[in-house]
Every structure is written in C-alpha cells, then in structure tokens.
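Engineer: Let me give you the structure first, and then I'll get to my questions.
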Amino acid sequence: MNIKGSPWKGSLLLLLVSNLLLCQSVAPLPICPGGAARCQVTLRDLFDRAVVLSHYIHNLSSEMFSEFDKRYTHGRGFITKAINSCHTSSLATPEDKEQAQQMNQKDFLSLIVSILRSWNEPLYHLVTEVRGMQEAPEAILSKAVEIEEQTKRLLEGMELIVSQVHPETKENEIYPVWSGLPSLQMADEESRLSAYYNLLHCLRRDSHKIDNYLKLLKCRIIHNNNC
C-alpha cells in the first residue's frame, strides 16, 4: 500500500516513533517544542504526545521501584507500610474504568493536573537526597532525574490541554502537600529505606493512574469514546 500523501502517513509515523521511544526508553519529544506561550500544536497531537510521555514516565517509575526493591528491601516487609500511605491518597480518584468514565471531564482533567503538581516537590527532594547518598546507585539516580524533568513537561502539556478544552478554567493551585522529607533524612537506615520505598511505591502507583486516565480522556475527547 502506498501511503505517500495519505492522511494515514502522519498517524503511522507517530505510532512508529512512539513505539520506538518506549522500546528504547528514550525520552519523547517535547509536548510543545516552542514553549507553552507559542504552542501551535493541535489538541489531538497534544494528547498523543501526553499519552506517550505519561507511559514513558510510568515505565521509568516501575523500573526505578524494581531496582530499589531488589537492591535494598529484600525481606524487609515494607509493602505493608506503604499501602494507603501516599500523600495523594486524599484525592478522590476513580478506582476502575467504569468510575473513570462516569467522571466529569473538567474534574478529570483537574485531577490529573493536581496529581502532577503534587509530585513537583517530592521528586525534587528525591533527586537531591539520592544524589547525596554514599555510593548512590547511578541507575536509580538517573531515572529519578529523568522522571522529575519529564513530569514537569507533562504538567506543562496538561495545562495546555486544559486551556484548549476548557479555556474558561482558572488555574487551580490546590493539590496535596508532601511532608515526607524528614523521613528521607532519618539517621536510622531501616526507617530511611522504608520512606524511600514508600515514595517510590506511590510514584509508581500515581504514574500508572495518570497513564490510564490520559488514555481514557483521549478516547473521550478526541475520539468521542469510539475506541
């Protein structure tokens, strides 16, 4: 089939590039290369790029959690302490696809933005604290740095999406505040490692939620639920 000049060409190229990025764990292109103030990207493309970026962040979060778990937490039983102890647990989030589909579109977008904003501070301190560790594992540090950077980009992209879908929406600065820094700095190694485990567990959980939520929203807004 000759796709030259076909309307499928752009979509096919985007799919190929997206798959290549995910397989190679290479950072996706910026959601809006010219910056938010001069963004000329269509809503469809904004969603396409946001979905690729959120999936990339979730993959990195899962890999970082697995590496930390294998290196530091074998047999310590941290998982029992991590359940329901995330700083974002106060947010009312859909528990399954059915609940998500019933959620108001505007509230759904605001929820994603709130989750992303709530991770700005913990990701900054995660990078700072891991960098200061003796014999800091490079695999974990490099992923933490990348996740922090890409989460900021995803937040910028989501703010652009909100401005296009609901231009009347005022910026909402209300989001859960993280207070876990003292726990990452504890002198007791067991307590400190437990705090790191909890933070990485929550990051993996929330990045998975955002990844799923964005796919559902893209289906609803771009494809009118026909996907």
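Think of each number as a place in line: the chain as shown, counted from 1.
Cβ from N, Cα, C; glycine included.
Not my notes, these are from Swiss-Prot:
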- Cys32-Cys39: disulfide bond (DISULFID)
- Cys86-Cys202: disulfide bond (DISULFID)
- Cys219-Cys227: disulfide bond (DISULFID)
- Asn59: N-linked glycosylation site (CARBOHYD)
- Ser54: phosphoserine (MOD_RES)
- Ser62: phosphoserine (MOD_RES)
- Ser118: phosphoserine (MOD_RES)
- Ser163: phosphoserine (MOD_RES)
- Ser194: phosphoserine (MOD_RES)
- 1-28: signal peptide (SIGNAL)
Engineer: Can you tell me how far the Cα of Cys219 (disulfide bond) sits from the Cα of Ser194 (phosphoserine), in Å?
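Structural biologist: Ser194 (phosphoserine) has its Cα 38 Å from the Cα of Cys219 (disulfide bond).
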Engineer: With a 10 Å radius around each C-beta, find which of these modified residues (Ser62, Ser194) has the fewest other C-beta atoms nearby.
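Structural biologist: Result for the modified residues Ser62, Ser194: minimum number of other Cβ atoms within 10 Å at Ser62.
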Engineer: For Ser62 (phosphoserine) and Ser194 (phosphoserine), what Cα-Cα distance in Å is obtained after rounding to a whole number?
Structural biologist: 17
Engineer: Ranked by the number of other Cβ atoms within 10 Å of their own Cβ, which of the recorded positions Ser54, Asn59, Ser118, Ser163 ranks first?
Structural biologist: Ser54
Engineer: Going by C-alpha distance, which of the recorded positions Cys86, Ser194, Cys227 is nearest to Ser118 (phosphoserine)?
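Structural biologist: In terms of Cα distance, Ser118 (phosphoserine) lies closest to Cys86.
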Engineer: Using a 10 Å cut-off, grab the number of neighbouring Cβ atoms around the Cβ of Cys202 (disulfide bond), all chains included.
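Structural biologist: Result for Cys202 (disulfide bond): 22 neighbouring Cβ atoms inside 10 Å.
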Engineer: Ten-angstrom check, please: count other Cβ atoms within 10 Å of the Cβ of Cys219 (disulfide bond), all chains counted.
Structural biologist: 15
Engineer: Quick one: of the recorded positions Ser54, Cys86, Ser163, Cys227, which has its CA closest to the CA of Ser194 (phosphoserine)?
Structural biologist: Cys86
Engineer: Of these disulfide-bonded residues, Cys86, Cys227, which scores lowest on Cβ atoms within 10 Å?
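Structural biologist: With the disulfide-bonded residues Cys86, Cys227, fewest surrounding Cβ atoms within 10 Å: Cys227.
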Engineer: What does the structure give for the C-alpha distance between Cys227 (disulfide bond) and the residue listed as 'N-linked glycosylation site'? Integer Å is fine.
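Structural biologist: Counting only the Cα atoms, the answer is 23 Å.
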